[in-house]
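Features as listed in TrEMBL:
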type: TRANSMEM; residues: B:34-52; note: transmembrane segment
type: DOMAIN; residues: B:110-199; note: domain 'Cytochrome c'
type: BINDING; residues: B:123, B:126, B:127, B:266; note: heme c 1 binding site
type: BINDING; residues: B:174, B:221, B:224, B:225; note: heme c 2 binding site
type: DOMAIN; residues: B:208-289; note: domain 'Cytochrome c'
């Protein structure tokens, strides 16, 4: 067969075959991935997106560390039943400061993209310490150590810096006062809450773990969970301008 | 590339590829026809797909396709359709009083179905799937209502929450009598024993000074919880004679609450769920057994 004759050169020379594979995959990448970087329609225009506060970012790091994404997705798909259960479908804009994103693909537990504000801090604490205490049939493991572990804040400034390198718009002030802001958000009575509010206007600051004496990993994780999906103002968001 | 001579396998009459392993040779059979045509068909299909569906990226946009397909537009349409399907009954529900809802099977069925579904999604994590609550999360099946068990009271609580961030939230906080040093340890112990013995009906400690407890109670607690301990729904002050204490009714639990009270938070639901679903929820919760 003539096709075989032309193909023979690939089949008999591994180097040429390798080059052929690289060329084909590159075409796929160029057509499917590269346009997402320059098409304006990739990321929707929204009101309200802001970078994570240092405490939320630390909480997000714990979320990643504990592998929450293996059982919880953070992506509400544009399907009616998901809209009715979870709220507005997730937008690309909502993950634009996520490095890496936490969309996940498995839902052993519910989707968490809009869990922020849905339950009280106390519920999150009880549930994280022992999920069975409030949800008797839950198969989620307990994370009681989060309430006991003091949050490691030594490298929080570097976390902000690294995110800034990737294009997250942290100001120099936000980076400089990262640690102070972290303490102030979890402990408004002791930290520099005025400075925090100036750098992160309108962001909730309270003892997320219910204990104002210390900044624990529980503070950070609950702060992160309580802001998930709450940033974009869907009153102002124009659905029809962002059809895909 | 080593040229090989054309070699025809004697048995099958098919050309070999020229590969040989210990005398075994590979036949160079053509691809099955069905497979090949299916492959060609997928290529033709892709061309049609490019024309009809969103596909190729351009300089500042992408081809949107002749069918104008949009997943987001589709879901908006489906969502709107579902909403308008429910709108008629939903609007009737919004207008109707509790008595009217109860006497109209169609409305009651609608409210209980949508309220039940919303409860399972949103309320069960704290109040339990059976609505019997947990320590710190009120039981909705019983007759004890901190903020009132009438239809309007329940509607208000679900809509705006308790100690939530909503401006119309219900709000009430007990003073931290121990932490803020309003009462000393002896007084707290006395009043906790008084509340346990006289109001809650649980065992006081041996030798408890109930007379002092009564005085402390009248001076500090009666303003909100009432002289008889019946509480105040306007202030969210629990009825202390009721059997279910949110944080326990032993002397120890009462002492802890007087010393440094815990205050649960209920989120507001009106913005998240919308007023029709919230009303359905209120009807559902009211129907659970304790509605007044």
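In case you wondered, yes, glycine gets a Cβ from its N, Cα and C as well.
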Averaged pLDDT score, the domain 'Cytochrome c' (B:110-199):
93
Among the binding-site residues B:126, B:174, B:221, B:224, which sit with their Cβ under 8 Å from a Cβ of chain A?
B:126
Give the distance between the Cα atoms of residue B:126 (heme c 1 binding site) and residue B:174 (heme c 2 binding site), rounded to the nearest whole Å.
22
So, by DSSP, how many helix, strand and coil residues make up the domain 'Cytochrome c' (B:208-289)?
42 helix, 3 strand, 37 coil
Going by C-alpha distance, which of the binding-site residues B:123, B:127, B:266 is nearest to residue B:174 (heme c 2 binding site)?
B:266
The domain 'Cytochrome c' (B:110-199) - residue tally per DSSP class, helix then strand then coil:
43 helix, 4 strand, 43 coil
By a Cβ-Cβ criterion of under 8 Å, what residues six or more beyond either terminus of the transmembrane segment (B:34-52) are in contact with it?
63, 65-67, 69
Environment of B:123, B:126, B:127, B:266, the listed heme c 1 site - residues of the same chain whose CB lies within 8 A of the CB centroid:
B:122, B:124, B:125, B:133, B:137, B:138, B:140
Residues within 8 Å of the B:174, B:221, B:224, B:225 Cβ centre (excluding the heme c 2 site residues themselves):
B:220, B:222, B:223, B:231, B:237, B:240
For heme c 2, with binders B:174, B:221, B:224, B:225, what's the maximum Cα separation in whole Å?
10
Determine the most Cβ-crowded residue among the binding-site residues B:174, B:266, using a 10 Å radius around each Cβ and all protein chains in the structure.
B:266
Other than its own, how many Cβ atoms are within 10 Å of the Cβ belonging to residue B:225 (heme c 2 binding site)?
22
For residue B:221 (heme c 2 binding site), write down the residues of its own chain that are at least 6 apart in sequence and whose Cβ falls under 8 Å from its Cβ; none is a fine answer.
B:191, B:195
Binding-site residues: B:123, B:224 - member with fewest neighbouring CB atoms within 10 Å:
B:224
Is it possible to get the count of other C-beta atoms within 10 angstroms of the C-beta of residue B:126 (heme c 1 binding site)?
24
